[in-house]
Structures are given as C-alpha cells and as structure tokens.
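Annotated features in TrEMBL:
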type: REGION; residues: 24-81; note: region 'Disordered'
type: COMPBIAS; residues: 32-41; note: compositional bias 'Basic residues'
type: COMPBIAS; residues: 42-61; note: compositional bias 'Low complexity'
type: DOMAIN; residues: 239-395; note: domain 'S-adenosyl-L-homocysteine hydrolase NAD binding'
type: BINDING; residues: Gly265, Glu266, Val267, Gly268, Lys269, Gly270, Glu286, Asn389; note: NAD(+) binding site
Amino acid sequence: MEQLDGNEGTSAFHMPEWMIQFADQKQEFNKRPTKIGRRSLSRSISQSSTDSYSSAASYTDSSDDETSPRDKQQKNSKGSSDFCVKNIKQAEFGRREIEIAEQEMPALMALRKRAQGEKPLAGAKIVGCTHITAQTAVLMETLGALGAQCRWAACNIYSTLNEVAAALAESGFPVFAWKGESEDDFWWCIDRCVNVEGWQPNMILDDGGDLTHWIYKKYPNMFKKIKGIVEESVTGVHRESILDGLKRTTDMMFGGKQVVVCGYGEVGKGCCAALKAMGSIVYVTEIDPICALQACMDGFRLVKLNEVIRQVDIVITCTGNKNVVTREHLDRMKNSCIVCNMGHSNTEIDVASLRTPELTWERVRSQVDHVIWPDGKRIVLLAEGRLLNLSCSTVPTFVLSITATTQALALIELYNAPEGRYKQDVYLLPKKMDEYVASLHLPTFDAHLTELTDEQAKYLGLNKNGPFKPNYYRY
C-alpha cells in the first residue's frame, strides 16, 4: 500500500492534462492517522535491512570474486564512477531483464509515453530506497524520462539483482546496492545516496522507512527542502508468492500437509487460500476476534500456536509483530518442520535464539538452512526468517506494475502540489488515483468497462467518471 507524506495544508488531488479522461474529477487523499507516520520513523535500525522482500533470481558470474564493491574502482562507459555495484560488466545482461520487465508493465510504460513530453518531474531530485530489481529499474527510468534526477539504494540486503544494478549504473543512475550487503554496507549505501556535495533531494521514495529514518536522524535539515515522501510496501496479498517460495526452496508437495498460518490479515488470508487450494490442512492463529471469525467462516480451524506446534509440517508467520514464534515453540517442533515468515519485518521468528553453541546450522542451498538440535532433530528455516516471497522467489511483474505506477503518480502529485495543498501528515492514495492506474492495466486483458447512464449515476449519487467507492471501502 502506498502512503504519501505531504508537507502543508489539505486539498484535492490534481489531475494533470495527460490524465484527461479524469480531468473533471478531484479527490482528496484519504487521511491516515499520523501515528503510522511516527511509527515508521521510530523503527529500530537493527531491523532495517531485513524488512521486506528480496529476489532469488540473481545473475552470478563465475568470475565474481569476494572483493567488496566498496573496495573496487569501477567506471561506466561514460567515465562516471558515481555508483557502487557488484560488477559493472554485468550491465548488458541486466538491460535484457529490464526490457523483459517493460513488456509486463503496461501502465508504467503508458505513463512514460503520455507524460514525458510535459516532464512533470523536471527539477525533482528523488532519493530512493527500494528493492533493486528489473521492475524497480523500469520505475526509475520512467522517473528519469519524466524529468527527475534520481539516486538509489537498496532497502534489503538480499533483494538486489546485481545485473540490474549494473545496468542502471551503466545508464547513468547513481545506484549503490549489491546482493549480500552487510549491515554496515546497507547504511553506507544509503548515506552515499543522501550525503552528496551539491545535490539536495527534494523528494523521497522509500520502502520500509529506513531512508526516511536515516535522513531524520543524520540530516534533519534536509527535510526543509523535501516536498514529500512516498512510502510503499508490497508485502501482502500475492496469493502465488507463498507457494512459489516454498516450492523453490523445499520441492515439497502441499497436499495433506498440516500448516499453521499465524495471522489472518491481508497476507494471512492470501496464504491460507493458496495453501487450501493445494490440499493442505490449514490452521490459523489470530488475536483479533473479527479476523478470527473470518477465518472460521472461511473454513479454517482457529487455534493457539501451542496447541498444534508439535504436529504441523509448516509454520508461516504473517502478523507484522515480534516474537510470534519463540525458542520454546522451535524446541517443540517436530523433525523437518519448515519455518518461514511472510510478514513485513524479520522480527516474527526468534531466529537470534537459534544462534547458540548447542545448535548446528547447515546451509542446504541459497536461503535454506537446517538448524539441528543435539538429539538430531532439525527444522528447515527459510531466508533466515526474512520475508519469504522474494527472498526465495519473485512477485509477478504485472503486480509490481500496479504499485510502481501509483508510486510514480504519487511523486508527481506531491512534487507539483501548490503550497498549502498538503500539510505535514500521512495520506493514503485516493480512490481516483487507484482507479486511474487500474484503467491503464485493463487494455492488457482486452477488457471493456461498463459505463453508468446519467440516470444510474444519479441514483447511486456518483459521478459517471468516478470515484466509484468511498475512501473507507476495502476491496
């Protein structure tokens, strides 16, 4: 879900000329409680680089050495060294991946085509901290085509596709990211994006809040010139993601397996539906009686984790909380139980409690560890308790096209908003913007929308061109 931080006043969402079919509609951003914004700034630095997804499909070259990219002197073909990536020579391979992604991101490409003449981001200096993937590269190059200058770091130490980072660096984007960064590398890369002589960012695009947190703590005066922040997360509701990650890492069959899903929010609902469709026996844990009732009415058994921990084959956390699966739970799991996390941060499974002398860790394959107890029992831990779906697999490009397009539109809106339109607060994207993004994707399916008649629109109390749902409506 994308969020916007505006800096002054409130007003209606402005539709530029190239969004002509919606020019007669203006919609206020739906105000979100400010405590969410405060929470994002107060997140612990220790949780930072492991909060979100990463991709397993990274190109590797047998000639790659173990030298840290920070210790390498690299230049692109234009002679620039304002970047830090694993290997600039991988740029051609990364360019192919970006071109493939473009074919599955129709709305973003349409936005680029419609708005690049107007250059709505001319003068924008955007500092970004997201996952460096082919899909993000399409977004970055779209922002560049619309007139923005960008500097970018990765929001997760495992999410970067090295070849894509190389392609972006070759194209002239200052990118500071590589797969497998240390915690120190992570913050160093963010600082290299922000602390640049003669370059002052005026917009922030963040995933997880780490970049915003870093500026807030280290360079608070920068906020005087920053017009707005777009914060995004694509953690939830991709029903295929949980199955994809589990299949790639474990090669398991789901039919008949007993699975407990901790949390029945948007992420948990998707996981449960996918697992049930594959024939798994699914249990759910919940603290919220409403979500618990939903789980029961959807046909899932509501339990406490302690009640089923000895018998289940898979444990999946989807709560966004901390210490959901404790060392006590881990000790009681049966042999070969698979443990993984689909929540946004890496705090749900107490992985730190497993790093003790009496337990043995064996790396089986990338992002798959066996943790072995003294009696020979072992559990299968995926992605060290970090977000599974893109630590161990991918999210469909078409899905990311939707989020990337809303990010671009949000940046355009905040950058061009006149003084007084937004005050210092946290806003959700308006329904009108979501509807516009959805409309850009419909031609891919040869879809044809039904139009309201004047009489029908009057009866419903709607404008014929939308928005068609109130701000509180949850799809």
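Backbone N, Cα and C atoms are what each Cβ position is placed from, and that goes for glycine too.
Feature annotations (TrEMBL) mapped to structure.
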| residue | record | Cβ within 10 Å |
| --- | --- | --- |
| Gly265 | NAD(+) binding site | 17 |
| Glu266 | NAD(+) binding site | 15 |
| Val267 | NAD(+) binding site | 26 |
| Gly268 | NAD(+) binding site | 28 |
| Lys269 | NAD(+) binding site | 22 |
| Gly270 | NAD(+) binding site | 20 |
| Glu286 | NAD(+) binding site | 23 |
| Asn389 | NAD(+) binding site | 29 |
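The full span of the recorded NAD(+) binding residues, Gly265, Glu266, Val267, Gly268, Lys269, Gly270, Glu286, Asn389, taken as their largest Cα to Cα distance, is 21 Å.
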